[in-house]
Amino acid sequence: MSLRIYNTLSGKVEEFVPINPPKVLIYTCGVTVYDDSHVGHGRSLIVFDVFRRFLEHLGYQVKFVRNFTDVDDKIINRAKQECTDFMTIADRYIARYYVDMENIRVRPADVEPRVTEHIPEIIEVIQKLVEKGYAYVVEGDVYFSVKKFKDYGKLSKRDIEELIAGARVEPSEKKRDPLDFALWKASKAGEPAWDSPWGKGRPGWHTECVAMVFKHLGETIDIHGGGLDLVFPHHENEIAQAEAITGKPFARYWMHNGLVTVGGQKMSKSLGNYVTLREVYTKYHPDVLRLLVLFTHYRSPLDFSWEKMEETLKAYERLKNAIEDLELLKKLQVVESKEGGTHPLYEQVKEFEENFYASLSDDFNTPEALSHVYKLVGELNKVKNKAYSEGKITDRELSAYEFASKSLLNTMKKIFGLLEDLYPECKVERVVERELEAGQVFDEKLIQILIEARNIARKEKVFKVADYIRDKLKELGIVLEDTPAGTKWKKREGA
């Protein structure tokens, strides 16, 4: 089955054919480090984290580069507000970024370059553009002449005149044309600056990524990614510079994730309607945010709300419980099956895996892939509910449940980065806590299972867990009594 992805450049879904298989070169634009990352940043990070995992599953050798913009007007302004230097601000928020990434389970990129570490490479790119006549110097500033690049607008599907009329461009009296953009900015008092052939200054935003791609990946890469809001002007300007220098395609495929909105408005710091990743992962398990992102197709807008987080939490718990329930089922009476042949779950797992990967191969359709996940969860729940109602499970059913739940767990870990803190043999105390909090203790069969779990904990000298089960049962009106003949239980009067 071939992978097909939507290419912003062509405007259609195309078969993915790498330049030099099995190697795949990917670059995505990283954050400007002047504040904490918000859910909008998190969506892009999660989308490309999962896409990278899927490519690796397909057997590709992925080299993934994601940069830091660590010198910028916003960083400089933040430094002035705090009466410190820009690098202190950048270092602080890069450190906090790494904490955020660990907490939302996003793997580090293979290379994570900083702009300030690539000033010579940036200057080299600008020099080539000046030499080729695509850039001009005015009083220490250097600008790219947009009209000199004939293919300008091919990514955003707009012509030059339309762009001039409607684009957000940075005005300047020094520009020859309103659409021209800065490659190098002459130094200003109190701002960071580096030596260059045009005098002291600092790089413009659009040149940084070109220089870092050239250095770490080469002149043409397989995939360039980022948020939809970067198509114009940022990615359009990257194409203009890179292809003006090399005469080659800068990237074969351009992938853009949709924006995160709040009440229909783009989530952004300028509008003040943002929610930081820290706010989310201090309230919810990181898998809940990952699931929220994956429940929406990567190219569609995602409207964030705390209500949606609550809905997603329920979906997360349903998935997690289906896997953890294996431990409870093992505590039931296991009887020999009288049925022959393999259990239907084995075929359902095969069907799940085929459909799951087919959905991801069709323009990375994660919501459709998740529909197959929850179909399998439903089949697991049928087996579980039957066993609970009968107070026993056949060896045939238990083996099939174990096979299916472990298959599901491995797929979720490997591809979606979900349930990474669960193991095939799930911790009994976690299952016990969930069942107790669900208030299901008056089911006699379940009480016996919990007593058995407590006995195991005592035998293994995990007294914290044993005491937790006893105390929690007591809170819910069940009193345990340890006797030479075993543990007995009774309902507390009035319970």
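Sequential numbering from 1, following the chain as shown.
Cβ from N, Cα, C; glycine included.
Annotated in Swiss-Prot:
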BINDING   Cys29, Cys209, His234, Glu238  Zn(2+) binding site
BINDING   Lys269  ATP binding site
MOTIF     31-41  motif ''HIGH' region'
MOTIF     266-270  motif ''KMSKS' region'
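Positions of the features from Swiss-Prot, shown on the structure.
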residue: Cys29; record: Zn(2+) binding site; DSSP class: coil
residue: Cys209; record: Zn(2+) binding site; DSSP class: helix
residue: His234; record: Zn(2+) binding site; DSSP class: helix
residue: Lys269; record: ATP binding site; DSSP class: coil
- Task: Among the binding-site residues listed here (Cys29, Cys209), identify the one with the smallest other-Cβ count within 10 Å.
- Result: Cys29
- Over the motif ''HIGH' region' (31-41), what is the model's mean pLDDT? 97
- Item | Listed in sequence order, residues with CB under 8 A of His234 (Zn(2+) binding site) and six or more positions away | Cys29, Trp205, His206, Cys209, Gly226
- Could you tell me the C-alpha distance between the residue listed as 'ATP binding site' and Glu238 (Zn(2+) binding site) in angstrom, no decimals? 24
- Row Glu238 (Zn(2+) binding site), column other C-beta within 10 angstroms, all chains, value 25
- Message: Other residues near the Zn(2+) site, CB within 8 A of the CB centroid of Cys29, Cys209, His234, Glu238?
- Response: Trp205, His206, Glu208, Val210, His224, Gly226, Leu230, His235, Asn237
- Query: Taking the Cβ of the residue listed as 'ATP binding site' as centre, how many other Cβ atoms lie within 10 Å?
  - Reply: 15
